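Visitor: Take this structure first; my questions come after.
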Amino acid sequence: MLESRLISIFRRNKDLGVKISSNLGKWGFTATKKMSNEGSFSTLNQYRHFSAIPKVGSCSGKFISRTFVNCGLRSFHCLNQKGVHRTSFRKISTVAASAAENKEGLKFLVTAGPHARKVVGIWLFASAAWVFSMVVLGGMTRLTRSGLSMTDWKFTGSLPPLTDEDWLVEFEKYKQSPEYKCVNKGMSVEDFKFIYWMEYAHRMWGRALGIMFALPFSYFLRKGYITVRLGLRLSGLFALGAGQGLIGWWMVKSGLEEPASEYVEPRVSPYRLAAHLTSAFAIYCGLFWTALSVVMPEPPAESLACVRGAAKVKRLALPVGILVGITAISGAFVAGNDAGRAFNTFPKMGDTWIPDDIFSMKPLMRNFFENTSTVQLDHRILATATLAAIGGLWYSTRKLDMHPAVRHLIGSTVGMAALQVTLGISTLLSYVPVSLGTAHQAGALTLLTFMILLNHTVRRPSPSLLKTLPSVAKMV
């Protein structure tokens, strides 16, 4: 009797399947296209199964009872399988990219489909990582005083010395440089080989980057993966990368000139060093931002409240990111003036908080770029201000409604800022060893990476995505 009533209810109420499906959606569950073999009933298929039950009226009551029990067990089993799952926000780029599919008004940088976006994104991230390694290798080259070991430059490069005679020829060229006469006089050929290989590796690594970037770029253009907007952007970055070699030689050439006085140590111009490093940072930032835009065309957003929270974060994150960049550039002037090897105390600079000679040069502006005391004091102040600004960013946004990824990213940025300041102080107190100095330079670019990622993540979503967002995020 009970079975017949249930059958009658299912036959009359043909909207039951739809109601079950809508309720599941309200409870935070979503069904995917593929189910596991054991739980392959979607909500609609369960309704169809139930509606077909009256056709087996000749079956026994036990068979019908077992059918209902099996359907119920399979339904609950499906909720624990991959077929039906709670919404996850661990993979930001995947969620954002899938949410952006088929959205009107959204302009993709790569238009050949998800696979093409993935391939182009991997290539751009690899290029950015290569530039990152170039910055680290450049820092090692500078700290080991290897940058002036090669006294000539060719755009296409050349083979290294292969015989003892070739090495002697290169060594004789180096002996004519001011650095050898004032700093490395009496250096052996073996010691010269070390600094030569460091500079040679830095140059050839940059040329290899150009080839690694140009070949896939040409291939993707031929395949039609890249839009005009993306093509112009990448062409500009490629041109800047090609010019980076010229800037590097322009910098090295300044260190091959005779110093103004015999008491002045030969070194490259701090202005040219800052230009070289700033250009490398600009290329890296451009590549990393573009790669993020390719794989994550839409920012992660759960609700309109999260979008409003992200807008408030952006108003703070943008100036903080600019401050991080300025602090990194000031570090280039510290390196160019070799200011890290002066005032190796903290928090005071020697016995005083502010040295007496910070404005000893004329005109006044020269002190901020050429005066060792002023340059180091500026870098200390900027580093402290950066740490305080990032801490203030975290404190000001801790109670805002925002996507969990944004919240975690802010926390990670605070941790990286604290680590970078610790590395800077340790480098100063240790008299700038190669290991700590290189780590500090890499830390600056890592912190800048966090700020780029944060600013990219809090972008405003497209109008098509905003229309689909609820006012408040659903609780799961």
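In case you wondered, yes, glycine gets a Cβ from its N, Cα and C as well.
Sequence annotations record features per position, and here TrEMBL assigns transmembrane segment to 119-140, 204-222, 234-252, 272-295, 316-336, 379-397, 409-432, 438-458.
Show me how these features fit into the shown structure, please.
Guide: Sequence-distant contacts of the transmembrane segment (119-140) (same chain, at least 6 residues past either end, Cβ-Cβ under 8 Å): 109-110, 198, 201-202, 205-206, 209, 212-213, 216, 220, 225-226, 276-277, 280-281, 283-284, 287-288, 290-291, 294-295, 434, 437-438, 441-442, 445.
Same-chain neighbours of the transmembrane segment (204-222): 116, 119-120, 123, 126-127, 130-131, 133-134, 137, 156-157, 231, 234, 238, 241-242, 244-245, 248, counting only residues six or more beyond its ends whose CB sits under 8 Å from a CB of the stretch.
Below 8 angstroms of C-beta separation, residues 147-148, 150, 153, 155, 203, 206-207, 209-210, 213-214, 217, 226, 268-269, 272-273, 275-276, 279-280, 282-283, 286-287, 290 of the same chain, each at least six residues beyond the ends of the transmembrane segment (234-252), sit close to that stretch.
Long-range contacts of the transmembrane segment (272-295) within the same chain: residues 93, 97, 109-110, 117-118, 120-121, 124-125, 127-128, 131-132, 134-135, 138, 142, 230, 233-234, 236-237, 240-241, 243-244, 247-248, 250-251, 254, 325, 328-329, 332-333, 335-336, 445, 448-449, 452-453, 456, each at least 6 residues beyond the stretch ends and with a Cβ under 8 Å from a Cβ of the stretch.
Beyond the ends of the transmembrane segment (316-336), by six or more residues, the same chain brings 142, 267-274, 276-278, 281, 369, 375-376, 378-379, 382-383, 385-386, 389-390, 392-393, 396-397, 440-441, 444-445, 447-448, 451-452, 454-455, 458 to within a C-beta distance below 8 angstroms of the stretch.
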Visitor: Grab the same-chain neighbours of the transmembrane segment (409-432) for me: Cβ-Cβ under 8 Å, and only residues 6 or more beyond its ends, written as numbers and ranges.
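Guide: For the transmembrane segment (409-432), the list is 143, 313, 340-341, 343-346, 383-384, 386-387, 390-391, 393-394, 397, 439-440, 443-444, 446-447, 450-451, 453-454, 457.
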Visitor: In the same chain, which residue numbers or ranges, 6 or more beyond the ends of the transmembrane segment (438-458), come under 8 angstroms Cβ to Cβ?
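Guide: Distant Cβ neighbours of the transmembrane segment (438-458) are 92, 132, 135-136, 139-140, 143, 281, 284-285, 288-289, 292-293, 296, 299-300, 310-311, 313-314, 317-318, 320-321, 324-325, 327-328, 331, 403, 405-406, 409-410, 412-413, 416-417, 419-420, 423-424, 427.
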